[in-house]
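Peer 1: This structure is in structure tokens; I'll ask about it shortly.
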Amino acid sequence: MVPSKANEDFLIANAHAKINLHLEVLGIRSDGFHELAMVMQSINLSDQLKMIKRVDNTINLKSNNKEISNGDDNLIIKAAKLLRNKVENQELGVDIELEKNIPIGAGLAGGSTDAAATLLGLNKLWKLNLKIDELENLSKEIGSDIPFCISGGRQICFGRGEILEKLKFDQIQLGLVLVKDPSIQVSTPVAYKKYKEQFGESYLEDDRDFEIKRNSIRSIDWSDQSLFDNRKEIQNDLQKSIRPMTPEVEKSLNLLSSLPDSRLVSMSGSGPSCFALFQNYDQANKVLKEHVNEFERAGLSAWACSMMSNGVELRNEFT
């Protein structure tokens with residue numbers, strides 16, 4: 001799919017996965033969705049989307065993963081059509097080739113980050129000149145995690161995850177070992193349903209109470225590296241429901257907790273992916289290499305990752 005030379009009708013987007021450094025379920029909103037308080041972080045485990053501009057109204061998608069639909073139910077297709085409808089130019093089209101590296105159904109926002117990359121990439125490829133906040137607002141129509149994935153980095157996320165408060169600091173030094181059992185996926189709606197069944201009686205019911213909890217999250221210095229040694233400050237509420245009912249998550253968390261020098265160990269999102277934080281990427285990579293046989297025996301896919309300050313990277317150069 002790569003043209004003979006770089007040109008303005010071709011673009012590559014690297015779409016970064018995310019982890020949840022914090023996830024609290026506060027209660028039920030008036031629209032029936034859960035009210036959440038989260039801290040999300042982009043990591044360098046990435047999908048790659050190659051895009052070639054068309055001018056014949058055609059939007060094509062192909063992928064290296066046969067599990068990926070190339071129809072209208074795919075978030076990439078939804079994002080492309082949403083953007084085209086927004087600018088009211090039905091002649092716009094694109095060929096997209098997806099290299100899928102982020103595991104599916106893993107709590108890593110793999111589909112959402114692909115949609116974010118599509119919006120950012122086509123905004124540039126189609127020369128639409130929409131601002132980031134316009135793309136974030138537009139993306140809320142098709143997914144709660146997509147607004148975060150557009151700008152990425154480390155952000156506090158409220159509402160369904162679409163209300164963003166970006167955190168700014170000089171360096172994101174932490175590394176992580178990320179694991180997932182490739183034999184399972186966890187349905188996000190099922191995870192929230194299960195949590196509501198078990199803990200719904202403790203839900204907050206008033207927006208004033210929601211705001212008190214939001215302010216509590218805001219008051220934490222999320223750039224403080226030592227914060228991630230204090231397990232009382234960090235939580236993933238969904239882990240309380242998913243861990244007991246999912247042996248693969250239990251296995252993952254136990255193995256990660258046994259690694260030397262690991263700091264916070266947690267499930268990401270609704271799972272089943274889990275991670276252990278380390279002082280930096282080099283330490284995480286060293287530990288992964290030293291324990292790779294243990295992960296293989298446990299049937300876990302494993303990655304050493306660094307944290308990213310953005311959600312998507314665009315370029316039109318190629319090798």
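Cβ from N, Cα, C; glycine included.
So Swiss-Prot lists these for the protein:
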- K18: active site (ACT_SITE)
- P103, I104, G105, A106, G107, L108, A109, G110, G111, S112, T113: ATP binding site (BINDING)
- D145: active site (ACT_SITE)
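Where in this structure would I find these features, and how exposed are they?
Peer 2: Within the same chain, the residues at least 6 positions away from K18 (active site) whose Cβ sits under 8 Å from its Cβ are M40, Q41, S42, I43, L108, A109, S112, T113, D145, F148, C149, G152, S268, G311, listed in sequence order.
Taking the Cβ of A109 (ATP binding site) as centre and 10 Å as the limit, one finds 30 other Cβ atoms among all the protein chains shown.
Note on D145 (active site): other Cβ atoms within 10 Å of its Cβ, all shown chains, come to 26.
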Peer 1: Among the binding-site residues P103, G105, G111, which residue has its Cβ surrounded by the fewest other Cβ atoms within 10 Å?
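Peer 2: Relative to the other binding-site residues in P103, G105, G111, G105 has the fewest Cβ atoms within 10 Å.
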Peer 1: Provide the three-state secondary structure of G111 (ATP binding site) computed with DSSP.
Peer 2: helix
Peer 1: Please identify which of G107, T113 has the densest Cβ environment, defined as other Cβ atoms within 10 Å, among these binding-site residues.
Peer 2: T113
Peer 1: Around the ATP site (P103, I104, G105, A106, G107, L108, A109, G110, G111, S112, T113), what further same-chain residues have their C-beta within 8 angstroms of the site's C-beta centre?
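Peer 2: Surrounding the site, in chain order, are A17, I102.
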